[in-house]
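What follows is a set of notes on a single structure, which appears directly below.
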Amino acid sequence: VIALLEGRPHQHSTPHRFCYTNTHKPRWHEIWTRMQIRVNSSRMIRVTQVDSEEELGEPGLWSFLSSFLKEKLNDTSIDVDLYSSKTCLKVELLEDGTTYCVVLFRRFDPKLFLVFFLGLLLFFCGDMLSRSQLFFYSAGISFGLLASLLILIYMVSKVLPKKNHVYFLLVGGWSFSLYLLQLIFKNLREICRTYWQYLLGYLLLMGFVSFGICYRYGPLENERSINLLSWALQLLGLLLMYSGIQIHPIALALVVIAFCTKNLDYPLHWAFAAYRRVQSSWLGPSPPRLLTEEEFRVQGEVETRRALEELRSYCRSPDFSAWTAVSRIQAPKRFADFVGGACHVTHDEVSVHEREYSLGGIFLEDQLFDEDEDEEEEEEEEASLDRNHT
C-alpha cells in the first residue's frame with residue numbers, strides 16, 4: 001500500500017493500492033476547502049474507493065456490488081472528507097501499457113460556496129418563491145430536463161396494471177435512471193463537445209414538453225400546497241447550507257443562526273407577551289389611557305359615520321318593516337332620502353348647531369359666563385370666611 005502525501009504525484013504503470021492518513025485537523029478558515037484525490041491515466045482504468053486497508057484485500061459484499069457501478073474512466077476525482085482518518089483506493093488496469101498518475105491536493109472550491117449561497121437564498125426566500133409563477137415554471141422545466149426518464153417511468157407505471165412484477169420493474173427502472181443521470185453528469189463535458197447537436201435537440205424538446213405540462217396544471221393556488229412547497233424549499237435550503245460547509249460545527253451553528261434569524265419575531269412576541277403578563281400580575285391592572293380632545297372628536301366622527309351606515313344597511317334589509325317605521329315618523333320623505341344615502345341632518349340644522357356650539361356661540365358664552373360667576377362666588381365666599389375668621 002502506497003502512502004499518499006498532499007501535492008506529491010505518483011506515476012505508475014501497474015496496479016497499486018493507495019491510502020491517505022489524515023493527521024491535519026480541520027480549521028475554521030477551511031469551511032469551503034475541498035480535498036480530492038485526482039487520478040489521470042492514458043487509457044481506461046477502474047478506481048475503487050474504500051475506507052480501510054482491510055477492504056482492499058477482501059472487499060465486502062457492498063463493495064463487490066458497488067464495483068460494478070463504478071465507471072471506467074481515465075480522468076476521475078475522489079472526494080476526501082476532512083474528518084476521515086484514512087481513505088484508501090485501488091487502481092485496476094484494463095489494458096496493458098496503461099500509465100496513470102495519482103495526486104492528493106487541497107484547495108478552495110467555489111462550488112461549495114455556491115451551494116451554501118443557494119441554500120441561504122432558498123431558506124430566506126422560500127415563502128416568496130413558492131408563490132412566484134416564474135419560479136414554478138423554471139423549476140418545472142428544470143426538473144423535466146433533468147428527470148425526463150423518471151417522468152417517463154412514472155407515466156408507464158400509471159398505464160401498466162398493478163401487479164407485483166410491475167413494482168420490481170418500476171424500482172429497477174428508477175435505479176437505472178439515477179445511475180444513468182450520474183453517468184451523464186460524469187461525462188457531461190465530453191457529451192457537450194461531441195454530441196452537442198443531440199443535446200440541444202433534447203433540451204429544446206423536453207423544455208417544451210415540461211412547459212406544456214406546467215402550463216396544463218398551472219401554478220399552485222391552494223394555500224396548504226403553497227405552504228408545503230415553502231417548507232420543502234426551506235428544508236432544502238438548510239440541507240444545502242449544511243452540505244456547502246466542510247466544518248461540521250460551523251455548518252450546524254450557521255444553520256441554527258439562520259433558523260433563529262428567520263423566526264426571531266415569534267420568540268420576541270412570546271417573550272413580550274410573557275413580560276406583560278408578569279408585569280400586570282406584579283403591578284396590577286394599569287389605568288386606562290384617557291383620550292385627548294382631538295382623539296375624542298375623531299373617534300366620534302368615525303363611530304357616528306359607521307353607525308349611520310349600519311342603520312342604512314338595516315333599513316335596506318328584508319327584516320326591516322318599512323310601513324311600521326313610516327307610520328311612526330314625522331318626515332317620511334326625509335327618512336327615505338337618508339336611506340338612499342343623503343345626509344342625516346339638513347343645512348339649517350348644521351347652521352343652528354354651529355351658531356350655538358361653535359367658538360363664540362351662545363352655548364359656549366353661557367358656559368364661560370357661568371364659570372366666571374362661579375369663580376366670583378367662590379372668591380366672595382373665601383373673602384367672607386377670612387373676615388369671619390378675623
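Quick reminder: no glycine exception, Cβ is built from N, Cα and C everywhere.
Counting same-chain residues at least six beyond the ends of the transmembrane segment (112-129), those with a Cβ under 8 angstroms from any Cβ of the stretch are 31-32, 34, 135, 230-231, 233-234, 236-246, 258, 262. Sequence annotations record features per position, and here TrEMBL assigns transmembrane segment to 112-129 (among others).
Residues or ranges marked as transmembrane segment in TrEMBL: 135-154 (among others).
Here TrEMBL flags 166-184 (among others) as transmembrane segment.
The transmembrane segment annotation in TrEMBL covers 196-215 (among others). Counting residues 6+ beyond its ends, the transmembrane segment (196-215) has Cβ neighbours under 8 Å at 136-137, 140-141, 143-145, 148 in the same chain.
Annotation comment: TrEMBL describes 235-259 (among others) as transmembrane segment.
Positions annotated as compositional bias 'Acidic residues' by TrEMBL: 368-383.
Among the features that TrEMBL reports, region 'Disordered' is placed at 368-390.
Outside the transmembrane segment (235-259), and at least 6 residues removed from its termini, the chain residues within Cβ reach (under 8 Å) are 26-28, 30-34, 82-83, 112-124, 126.
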